[in-house]
């Protein structure tokens, strides 16, 4: 009996001892849920970073990039976030105006991004081009340009996302704006008869497309890589458009309220490392900002490579989003 | 109202209203006065008009089909009727995206209807985007629920009245006028409000099947303000506008149809005399056939998930199932306790205090809760409790609370009428016997409320079980429910596995509904 008590005491001391030894600093990273989710790269990123940092990485998730920003705004300077990972360029200006982010002080030259990166607050960690995805067994001749899609009255039916509720939806709105400028209202009116619907999010639109409700869906050039790598189906392709494709860049930044800026900066630097970047293609189904040493997976090498990137600066987006959305509403909400 | 007679339920109602109001105030305050009162531009006007028309039509069709089905089912007995009744209690719980895919699987461009027509040599193309799609989805989700509740109401018509009707030789028309109609009339306003509000707020369905931004609801604007513009004050104002509209509609419906006093006695299953009327036989066959043709394929299309079930069986699923069940149980208990408290207060004021206006006001609170956009409510409550509660636990607390509040109107539909009945039937007797407090609760109320309470619990638990709105905000690697797993798969191209999860959610909801209908149909 006595020996049992001694054993119990000893083992509890042991447990407490190891617990104390494990009291490593905790780095809290806010991200969107699919990044940290079952199929996202979050698990690998956490393991690899913890192996090097002698710290513990804690994911706190919000539904999507917009919700991340909303949550930060609600929490203000009381936020527990050290790093925010997973905003996108269209939200960058709004994020900065929260006055919650610190400068990253990193050298960001030589990234494999289609545009030169000059932002001093946010670090890009992956990117992709928007594109219409279609099923080659159903649609043999996809349009070769945005103009052809918009102006051919007997063109394919498409399903889009609502630019007010979805990131690719907003991206396509900006794409139309970039190509048509002041004439975008007319272009929307011309395209409208062939738009099946604007869904709340990417999932509904892609699901509608897979169910055969539309010939093409707004998604990313990387979508076909998923079907090839995971489902071994090669009938899905992204349509290359002559005018160029709108660029989607995902970004990360450290908060100025963080109590461990060194660790947070170490994590941002880690985001550009090979161990992080190599998880992007088949973890997040996006392009890495630094090509991993092992190269891209085969399915990614076969994707279309748009020659021109279309992009508004974050400030332009923040300034004009309301006006662009109103113009879109006027043209399509009749 | 006399203050000295304040009821516990009054306090509960005040607490709910205060909680919601505080949430709104914190939302408005964080908006730091940047926004003035909302301006309702031409677009918002169009959205409002569309919402009214869409919700009104959806309600009319859901009530029409639901009531017709209920009457037909009340008159007819056939094998498999029990299973059908259970199914009717299930459709409300279907996650919206599963409902959208179900509608398209049947009525879509490549759906079953289009394919059968094509195999008959037809060359046209079907498009249901716009009103048809929205209405089909809303009627699919709501009409079965209407049928279920109405049927429960019809079954409460006292046996004495039936005997009297039989001995007086009532015609089918007279039976409808004197027996069925009063029972229907008692349920109609509450049901109409419930369905109207659900459709008025409908969001993902309207966007996915609407075909364009002219088909949107106020909820879209609230979501936009909250999540895109980060204009919380505007979100709060829009939410208030929605609540105001819904309360006005609820008041109007309350005013039009007043609830007749209940006079139920216990009874076993009745053989209805009008079942023999051949005209009704034809009518019922048509109704049941139509119901079967409309609802059957939609329900069957959910079964496509069957093939992917093996792919989703893992520990995550077990964990998420447990989390979902726990949250559903807490939310269900919360909704039922609140419904009991409010129901008791309403009864107290209507009968003991003879202040029907105050009672009617309290009666409105559950319906008004339904009008509050869950996003806005959650964001407000989040602001409210954040200073006191650990980050990681906030979701665990808010999830059951918001789900519970959301399910309260449904629990209230079940519980409140029975509480009233108990009082109307035994109130004077127990008063004259001097029975009060716990004894009265145990002897008078409990036997009457026990079964509706159980079925309310099953329904509200199922509703919370299928909820995605709130878990989307707080879900993450540490807090995952079944709907969360479903959407996680959808976001990762895994649509077939998602449909398997949809099937599992429905199966659990079906089991819960089974329990619910067992309990509500059990003989005394």
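Placement of Cβ uses the backbone N, Cα and C atoms for every residue, glycine included.
Annotated by TrEMBL as transmembrane segment, the relevant range among B:120-141, B:142-163 is B:120-141.
Here the transmembrane segment (B:191-212) has Cβ contacts under 8 Å with residues 51-52, 54-56, 58-59, 62-63, 66, 96-97, 99-100, 103, 128-130, 133-134, 136-138, 141-142, 145-146, 149-150, 218-220, 223, 242, 245-246, 249-250, 253, 367, 370-371, 373, 409-410, 413 of the same chain, all six or more residues outside its ends.
The transmembrane segment (B:397-415) makes no contact with the transmembrane segment (B:286-309): fewer than 3 of their CB pairs lie within 8 A, with pairs spaced 6 or more apart in sequence. Same-chain neighbours of the transmembrane segment (B:84-108): 69, 73, 114, 126, 128, 132-133, 136-137, 140-142, 144-145, 147-148, 151, 202-205, 208-209, 295, 297-299, 301-302, 304, 459, 462-463, 465-466, 468, 483, 486-487, 490, 499, 502, 505-506, 509-510, 513-514, 516-517, 521, counting only residues six or more beyond its ends whose CB sits under 8 Å from a CB of the stretch.
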